[in-house]
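Asks: Annotation comment: Swiss-Prot describes 38, 223, 1006, 1016, 1074, 1091, 1165, 1172, 1180, 1220, 1221 as phosphoserine, evidence class a large-scale study or a structure entry. The substrate binding site annotation in Swiss-Prot covers 53, 54, 213, 214, 248, 262, 326, 327, 328, 329, and the record cites experimental evidence as its basis. The feature ATP binding site is assigned by Swiss-Prot to 134, 187, 194, 213, 237-240, 246-248, 264, 309, 321-323, with experimental evidence given as support. The region 'Polyphosphoinositide-binding domain' annotation in Swiss-Prot covers 371-442, and the record cites experimental evidence as its basis. Summarising the annotation, Swiss-Prot assigns region 'Disordered' to 898-941, 957-1016, 1185-1243. Residues or ranges marked as compositional bias 'Basic and acidic residues' in Swiss-Prot: 915-941. Look at Swiss-Prot and you will find 958-969 tagged as compositional bias 'Basic residues'. Under the heading compositional bias 'Low complexity', Swiss-Prot lists 1195-1209. Here Swiss-Prot flags 1210-1220 as compositional bias 'Polar residues'.
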């Protein structure tokens, strides 16, 4: 018996070699084989009764293979021949029946079989008759209170089709007295008839769109026919405006639904297909109402596995079709989930009858209880992040005064006179501006109008920029027009002719500032890393870090909203981040359309406010005045410029010494740069060279020439406002166009950065009061929104308030994690940080932790791309509801991407860490910064190999310390230092990451004694799974020293690796009290952490592939770490012991219109800070940069393929190596980590 396969496909089984399926069934051990006389265990037989096209489809096979992994389940597929031709008495026997109708299926026979054998039926058979009639479907939906488009039914007698209640007009039809204006939809009443027609109004050209079942690349065709069909019965319904997408929802039981959107077939009838020929499906998040709809549809139609179509329109969700039994295509995660849920439903129902020892499995990730960084066992309730956009091309703008009547006409046409301002971004609007520019330039050839002539170079530039990409997209260009009643005042840099008093328009053209490919990678990587802040990941999916979030997400327990300002780079950053966060695939555009909300409607993330301009103008004037003095900075200048005592500012001022002399140097370096570019352009070898992001040398020259011209004005003074643009441009060229090897670029970078480090932060205020006033001007709407996000967590989900009967299982509010992500530009990030720093959230003189956080922020000199401010809210369910201790808020921060210099002086915080009270068990230590990978030069051996050393080789030492600044050079044994993880070989980076984030389930309350009880294996499943994955990376790379070998995903972009390790600060997580005895645990349970008990090799392989981390061999020196994507500074904890009440009162004080600038802010003496030895030293951060991927030699490619083949599509519960012990492990694991709620309901 042990030799026979347990997954049958009818009589063809004889042709199957059981060996091919060996890993799907339980093999008896040799000892068991000797005891043949013991009775075999009773198997539950699951019968699959459907047409062969369905039962042998890829999704069905994938799911059945996984169901077969249940130890007590055997799957039998009924042959089509038997179904169609044999009486039901001859059909195979089964205990559970999965049967569903499709074209040609004898549903009557299936019903008779179910009556005869009385198996447990997964999808009710009688209801499948009703699903075939759209009228019945609509009737059931209506009875359930589910929204439908407005509809009417036209029933025709086939023998007398003319007698019916239909009146047809030119642009409407009237059915049974109900009028439908075009566009409307006409559907046959039979659900099997897919010929749905949509009729268009004459104003839009009339005609109709005829939809049909997909044929090749078409799903509909336009027809000039405008009259409705005259034979047959139809449902007429209102056409819903859905932005061209339909949402398909697939349930597996009432508590699980997978949703995806596809391009609506009504749009143009062309099926969008990806490179592999599959229809493009977009990711979708169901909202609370839609989750409830899925729940209702599943139960109302009694179909456990059920697909239905949703239309999202007018802020509502309407069901327009219920398809019955259907599976998601091409989603390995769905296959895993579906098989797991179905297997559990079967076991729960039938195991007791057959006396099979099976208990209701509890899902390890059921309630998101996670270790907070302050050492308490709490439930994560809310994550709020404000994030700056990723790496972008330099922003460019050109101003010109225009007086031509055509511009005034356009201004009037677009209602510009209402506000005196106009922003043109839409393709049609930009086309009109381009047409005017072309026309004026043409006129210039015919007559010499002086006003037009004056603007000729600018008109040409306007035309060039608007023609630049061959198409318009609001993402990369915009034109602003401002009405000037008395014309434009002439500046010193322009011609000093007499000023004209007539009205004119100021035209400002903005372009550039697009997200670069590097920026997309940064955002996607950060999204991937963000997953790791979420709970879970202990179950079958523990093949890669952060899987807990994906799990939360697909089981309705993640309430995610992503907001972005209206700038293209910000929206694309948000989409790329979402792609990484939710493990999505494909292009960013569909993700953007489906997932990113534009927040510009209420000024949430855009800054068009005029209230801040007066204060900012005063600040800018003072700043310019100080920086125009041709002398070394005096003590008075230091006092004027750095009243807040910012270390980074003082450092920049020391470097600059004399601002005018530094500007002279910068100017001469720009002149040198432009002459070098001109020289290159004359060189025939490099004249047509392609620079990064398709820029040409000519465009690069134009960019720098404009800066050269604008930086130094006619009177010899420097325009300080151009410094950020100069820094922007040189940073871009150093980072992306380094291959040009232009001279002195690093010197220009260093000087312009020093100037920008003063100008940029100080433009947002010099004194604390100014910083706060300006910050409020930008951020008040956002602060209000953050406050409401934190407050709403305490309320039940709206659905639960409306429908208490449904307040159970996955809909219960305490199981939700709310995530709100706000993507914005530099101004909002600076402003929000100013509010946190200077708004009196905490008192530095009384709160040691806050003082250290402020000291750290004083050293941060730039809020670079991908800067993050993260607020996390936790709930302790054991505390009284009214207690201040019930809700706990943490504040984290990262200054974003690292700079271009190999900067050893990166500011270092105190880690993503446990609270300062957890000092018991501290050990003396010594920090050895030489092991930090980013300090290694290109010619050194890469230390990442040492860093990711296998956990098995050595016991891991966790050093517990209290968080104080780290010194780069020395740290004496008795010096207080941050909690950190280190080992003799420096295994720290990954240990911090695994033991602290989403690892342990239980954490002690801050201040309690650390107990010595060992951590349960379950609590360390996540840790071990990551260690498992990384062990494989390391072992692969250990081989690398002998054989050049890489795990390369075929589709991976070969220039960009990816990483996640360094995105949480490495200083402390390993000391996490969720695993106080990890060191002993690792010593005793080494095997468990890395062998079969955790995850198998194939799954590990897939985890590695998901993380696209690979090492590339340096031709001469072993290893090289290289990437054009700058790595991102780790997230550092600013405070981890805030109460929700404290944060709420603080946000309320900032958001209230009358709030004065708080005076409570503890002042820091700038002199004291300057003299502080701790703050003068800056320490390096331990961050791993992705390696460059080299092609894999053919010999090793085969072995890599072989090792990773079973798991190519991600960690799957079906991937089991061919060993009996592994089989047992997987089975028991499947039974211990099942989805609780899917087993808690009777069908």
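Note that Cβ sites are derived from N, Cα and C of the backbone, with glycine treated the same way.
Values in this document were obtained by computation on a predicted structure and should not be read as measured data.
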Asks: Whole number in angstrom, please: the longest C-alpha to C-alpha distance across 53, 54, 213, 214, 248, 262, 326, 327, 328, 329 for substrate.
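Replies: For the residues that bind substrate, the greatest Cα distance is 23 Å.
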Asks: Given the binding-site residues 53, 134, 194, 213, 248, which one is most crowded in terms of C-beta atoms within 10 angstroms?
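Replies: Neighbour-count leader: 134.
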Asks: Cα distance, residue 309 (ATP binding site) to residue 328 (substrate binding site), nearest Å?
Replies: 13
Asks: I want to check the contact list for residue 237 (ATP binding site): same chain, sequence separation of six or more, C-beta distance under 8 angstroms. What comes out?
Replies: 148, 149, 150, 151, 152, 180, 184, 185, 187, 320
Asks: For the C-alpha pair, I'd like the distance in angstrom between residue 134 (ATP binding site) and residue 213 (substrate binding site), rounded off.
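Replies: For residue 134 (ATP binding site) versus residue 213 (substrate binding site), the Cα atoms are 17 Å apart.
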Asks: Let's see if you can do this one: DSSP helix, strand and coil counts over the region 'Polyphosphoinositide-binding domain' (371-442), in that order.
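Replies: With helix first, then strand, then coil, the region 'Polyphosphoinositide-binding domain' (371-442) has 28 helix, 26 strand, 18 coil.
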Asks: How many Å separate the Cα atoms of residue 213 (substrate binding site) and residue 194 (ATP binding site)?
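Replies: Their Cα atoms are separated by 6 Å.
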Asks: Counting Cβ atoms within 10 Å across all protein chains shown, which of the binding-site residues 246, 309 comes out on top?
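Replies: Most Cβ neighbours within 10 Å: 246.
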Asks: Could you tell me which three-state DSSP class residue 53 (substrate binding site) falls into?
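Replies: Looking at the DSSP assignment, residue 53 (substrate binding site) belongs to a helix.
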Asks: Tell me, if you would, which residue among 322, 328 (binding-site residues) has the fewest other CB atoms within 10 Å in the structure shown?
Replies: 328
Asks: Report the nearest neighbour of residue 248 (substrate binding site) in space among the recorded positions 194, 223, 239, 309, 322, comparing Cα positions.
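Replies: Checking each of 194, 223, 239, 309, 322 against residue 248 (substrate binding site), the shortest Cα distance is to 309.
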Asks: Work out how many Å separate residue 326 (substrate binding site) and residue 309 (ATP binding site) at their Cα atoms, rounded off.
Replies: 12
Asks: If we count other C-beta atoms within 10 Å, could you say which of the recorded positions 223, 326 has the fewest?
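Replies: Checked 223, 326; of these recorded positions, fewest Cβ neighbours within 10 Å: 223.
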Asks: Measure from the Cβ of residue 239 (ATP binding site) and count the other Cβ atoms within 10 Å, all protein chains considered.
Replies: 18
Asks: At the level of the C-alpha atoms, what whole-angstrom distance separates residue 309 (ATP binding site) and residue 223 (phosphoserine)?
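Replies: Pair distance, Cα basis, whole Å: 25 Å.
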Asks: Residue 223 (phosphoserine) to residue 246 (ATP binding site): how many Å between their Cα atoms?
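Replies: Distance (Cα to Cα, whole Å): 22 Å.
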Asks: Could you tell me the mean pLDDT over the region 'Polyphosphoinositide-binding domain' (371-442), as a whole number?
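Replies: Averaged over the region 'Polyphosphoinositide-binding domain' (371-442), per-residue pLDDT gives 86.
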Asks: Reduced to three states, what secondary structure does DSSP give residue 134 (ATP binding site)?
Replies: helix
Asks: How many whole Å apart are the CA atoms of residue 53 (substrate binding site) and residue 246 (ATP binding site)?
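Replies: Between the alpha carbons of residue 53 (substrate binding site) and residue 246 (ATP binding site) there are 25 Å.
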Asks: For residue 223 (phosphoserine), just give me the three-state DSSP call.
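Replies: Going by the DSSP assignment, residue 223 (phosphoserine) falls within a strand, counted as strand.
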